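Taken from TrEMBL as is:
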type	residues	note
COILED	39-66	coiled coil
COMPBIAS	95-104	compositional bias 'Polar residues'
COMPBIAS	150-159	compositional bias 'Polar residues'
COMPBIAS	174-183	compositional bias 'Low complexity'
COMPBIAS	184-195	compositional bias 'Pro residues'
COMPBIAS	196-219	compositional bias 'Polar residues'
DOMAIN	358-628	domain 'EML-like first beta-propeller'
DOMAIN	645-933	domain 'EML-like second beta-propeller'
REGION	95-117	region 'Disordered'
REGION	133-219	region 'Disordered'
REPEAT	638-670	repeat 'WD'
REPEAT	721-762	repeat 'WD'
REPEAT	787-821	repeat 'WD'
REPEAT	899-934	repeat 'WD'
Amino acid sequence: MTIHVHQICLHNAVIENISEISLVTDMQTVTAKVQLAWNDMIETENESLRERVGDLEKKVLEQGDEIVCLRSTLADALRRLNQLEGSRTLSLNTSVLKNGNTPRAGNHYGGNGHHLISPTLSQKEVTLRYRSTNEHPVSALRDPVRRVPSHNSTHSSLPQRRAVHYQSTGSLHSDSPSSSSVSPVPPASPSPSPTRPATAQKSQRSNGTNLYNSKRWSSTGDFNQAQQFSVAPQSSTLASRLGTKSLLNLNLRTPTQQNHNHHYHQKHGTRDATYNNEEGSVRMFLRGRPINLYAPTADIATYDITKVATAPSSKLKLDWVYGYRGKDCRSNLYLLPTGEMVYFVASVAVLYNVEEQSQRHYLGHTDDIKCLTIHPNKLLVATGQTAGHDSREGKPHIRVWNSVSLATVVVLGLGEFERSISCLSFSKADGGSLLCAIDEGNDHNISVWDWQKNEKGHKITETKCSMDTVVAAEFHPLERNQIVTCGKGHISFWTLDTGGTLYKRNGIFETTRDRPKYVTCLAFTQNGDVLSGDSNGSVVIWSRGTNNIKKVARNVHEGSVFSICALKEGSIITGGGKDGKLIQFDTSMHPTGYEAQVAEHLGGIRTVSEGRGSQLLVGSTRNCILIGSLSMGFSPAVLGHTDELWALCPHPTLAQFLTAGFDRIVQLWDSLSHSVVWSKDIAEQAQSAAFSSNGHIIIVGCVSGKWIVMDSETREIYSTHVDGNEPIQVVKFSPDGQLLALGSRDNYIYIYQVTDGAKHYTRLGRCTCWEDKCRRRCSTGAIIDKLSGHSSFITHIDWSSDNEYLRSNSGDYELLYWKVKVCRQVPQSTQLRDVAWASNSCVLSFSTIGIWPEGADGTDVNACERSNKAKLMATGDDFGKVKLYSYPVKQPKSLCHSYGGHSSHVTNVTFLHDDSRLISIGGKDTSVLQWQII
């Protein structure tokens with residue numbers, strides 16, 4: 001019994017233990033389940049929180065973009081209102097001037113930096129300021145307003161706040177060097193569509209080069225410079241000063257010859273000009289050679305050589321800029337929040353609104369702009385220029401300017417750079433407080449600037465970047481103080497420490513196969529990885545924060561990858577410089593199947609940037625800008641020339657003009673719609689051109705000695721003629737359209753009879769000396785040589801109004817007269833002193849004495865032209881200036897208005913048929929500038 005009770009007790013105890021164990025197990029299970037549920041709930045909440053934070057970040061970014069856009073739109077609207085007010089004030093002042101109140105003469109630099117004589121116009125300054133809600137009062141935080149004038153602006157300004165995130169405030173109207181214009185809706189026209197023909201096979205042209213042109217026009221895009229070379233600074237300076245920039249430069253002396261003849265004082269220009277009362281002639285000197293110019297009979301008694309001629313009341317305003325520099329520059333095309341594309345050509349930064357067909361221009365630079373970048377706030381633009389003509393303001397430097405007011409904010413590095421600025425980039429992770437620049441000198445130095453510090457900015461550091469060419473430099477968008485550069489055979493990752501020192505790590509290519517000859521472009525993915533394109537046609541992904549390759553996409557393009565654009569939605573667009581293809585990839589560099597092919601005659605892809613919506617902006621290697629999408633294709637918005645320009649002529653009855661140059665392309669432009677009417681490849685380098693008197697026929701003079709007869713509407717070539725094997729420098733129809741004169745570089749003028757509606761030409765002769773015996777005795781003495789026609793190439797010719805005479809200038813500064821019907825020289829210039837001339841393109845004549853500077857050497861003025869109403873004269877010179885004079889310019893001291901915009905020598909100028917506009921063309925800058933006469 002006792003044992004049985006004991007067993008029962010043990011059994012109950014075991015049951016209780018088991019129950020307790022089961023209870024504990026159940027409690028642990030419940031606890032684990034609760035913990036798991038709690039973790040799941042926390043994870044869910046964290047995920048939800050992350051999603052909400054991500055959504056908020058996206059909204060903040062979107063709202064930031066909207067704020068920037070609204071700010072830009074508001075500022076642009078205020079700018080337009082101020083423009084209207086300014087035009088109203090200008091019209092009132094103009095009406096006062098027309099009523100007889102002439103402003104007092106004086107030499108001023110204002111407005112566009114032109115040499116002006118103008119009344120002072122009072123304008124109301126409108127100011128717009130921004131302040132966030134969490135800021136202290138503006139007066140407590142903002143430094144005193146800093147106004148930094150542009151080189152040719154007397155009072156343009158942009159007040160700014162010293163802060164990490166730049167906020168644009170201040171004046172929204174600008175007297176800075178800028179201009180704007182609006183294009184009317186192009187009229188309906190049966191003309192062919194403005195497409196450029198495929199370029200014919202080019203032949204190599206041998207011409208002399210010099211260090212000056214090599215320095216300013218060397219390409220960092222095509223990588224055709226096989227070796228580096230260095231020149232002593234003295235030699236470089238001399239070559240820059242004495243370089244031949246045009247076909248007019250002759251017989252430049254070597255330094256040894258100059259030192260040997262240093263004691264000899266050679267007379268130049270109009271400084272030593274004298275007037276002979278008895279003969280009624282002015283004697284001036286060019287390169288020491290005396291030139292006698294005979295005054296008309298009516299001016300002999302009253303002419304006073306000491307009198308100073310005033311500048312004209314009319315002025316020029318830059319109306320439109322044709323062309324784009326994509327041939328040898330990259331990353332120079334962006335879309336601003338105002339809907340304007342910003343790019344550059346020559347020394348002009350262009351802001352072009354395609355939808356409104358309007359342009360504005362920043363004219364602060366004095367020579368070629370080589371690079372461009374946009375501030376993270378999308379309002380500020382930085383541009384860098386090369387070395388120029390002026391010893392002080394022509395030095396390489398950087399300009400930061402406001403894209404709304406066109407006011408210069410700061411000028412950086414004047415005198416700090418060796419050659420030119422090839423790359424620029426604002427920092428992005430810190431809101432754009434720093435600016436990186438690459439000097440195109442021998443060491444390709446990289447410098448970092450605190451551009452908001454002091455009135456001239458502060459250079460934080462500078463160090464040698466690479467011995468080889470550097471083609472791109474970009475701040476990392478997510479990493480502070482991280483810079484990536486690339487170029488010939490390298491990609492480098494830079495870190496700027498707190499002490500202002502740059503440290504470099506070169507990218508590591510795992511195999512020889514991966515190492516390209518050139519790393520050509522850079523971009524960044526949304527997660528911070530670096531993308532690089534190279535000359536092998538590959539795209540390489542570099543891991544964020546390292547110098548190691550993450551992935552290589554090989555053979556993306558045939559030839560070099562010239563541009564990579566990472567879109568906001570995450571996809572990546574690559575552009576081929578050789579194959580002309582645009583290809584889309586996803587974030588992992590897998591092709592999406594979307595691609596587009598740009599027409600061959602438009603060139604390869606130079607740069608790609610994101611436009612509105614799904615649109616892309618594409619700059620090409622043939623100086624074209626295209627707009628479109630991968631799905632809809634691309635159409636040209638900007639067309640331009642790609643080589644040196646010399647030929648220019650206006651249509652005799654329409655608001656059109658024709659240009660042609662060494663790129664073998666002839667283009668007809670409409671000045672009202674600002675568009676190309678047609679283009680044609682003539683397979684010959686063009687030197688000169690002219691319209692027939694009715695405008696139906698075009699004559700194009702070529703470098704080879706050929707000249708081509710074309711139809712101005714159908715572009716049909718009727719015939720091709722040859723006169724010698726030297727360039728046809730100038731062609732001109734007689735006023736009645738019955739004769740054609742061609743001036744050649746072989747020193748002769750050829751005369752043709754024109755028949756069959758200017759389609760048929762019969763040669764009448766070649767202008768030579770008055771008597772045959774003079775030619776036979778030509779080599780025996782100087783006196784006979786003077787009667788034997790030109791001894792140098794023909795530069796300019798003019799017809800008399802009665803079609804009987806020609807006058808001509810030559811490369812050795814001669815002015816000769818010719819009897820056309822017999823093709824003989826008129827040796828006595830005094831006999832033709834009262835002849836009326838149908839044009840005045842000869843730079844050496846009595847009516848053009850004043851266009852020559854006091855120290856001119858004969859090659860400074862390349863072209864001149866008289867307006868059709870004979871009230872104005874325009875000139876283009878070797879210093880990139882277009883000048884406007886009152887006609888006739890018969891006083892050695894004649895004031896003028898001087899205008900910049902071209903960066904190379906201005907090779908030609910012309911007035912349109914109604915004198916409403918002036919057209920000028922640059923030589924090597926390939927630009928065409930259209931000026932409105934106001």
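Numbering starts at 1 and runs along the chain as displayed.
Backbone N, Cα and C define each Cβ position, glycine as well.
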Residue list, the repeat 'WD' (638-670) vs rest of chain: Cβ under 8 Å, 6 or more residues beyond ends. 186, 189, 194, 196-197, 199-200, 202, 205, 247, 322-324, 327, 343, 345, 352, 603, 622-625, 676-695, 698, 700-701, 703, 710, 712, 907-914, 916-917, 919, 921-924, 926-928
Given the model, what does the mean pLDDT over the repeat 'WD' (721-762) come out as? 95
Secondary structure composition of the repeat 'WD' (638-670) [DSSP: H/G/I, E/B, coil]: 0 helix, 19 strand, 14 coil
Just to be sure I understand, if DSSP states are collapsed into helix, strand and coil, how many residues of the repeat 'WD' (787-821) fall in each? 1 helix, 18 strand, 16 coil
DSSP assigns the residues of the repeat 'WD' (899-934) as 0 helix, 19 strand, 17 coil
In DSSP terms, the repeat 'WD' (721-762) comprises 0 helix, 24 strand, 18 coil
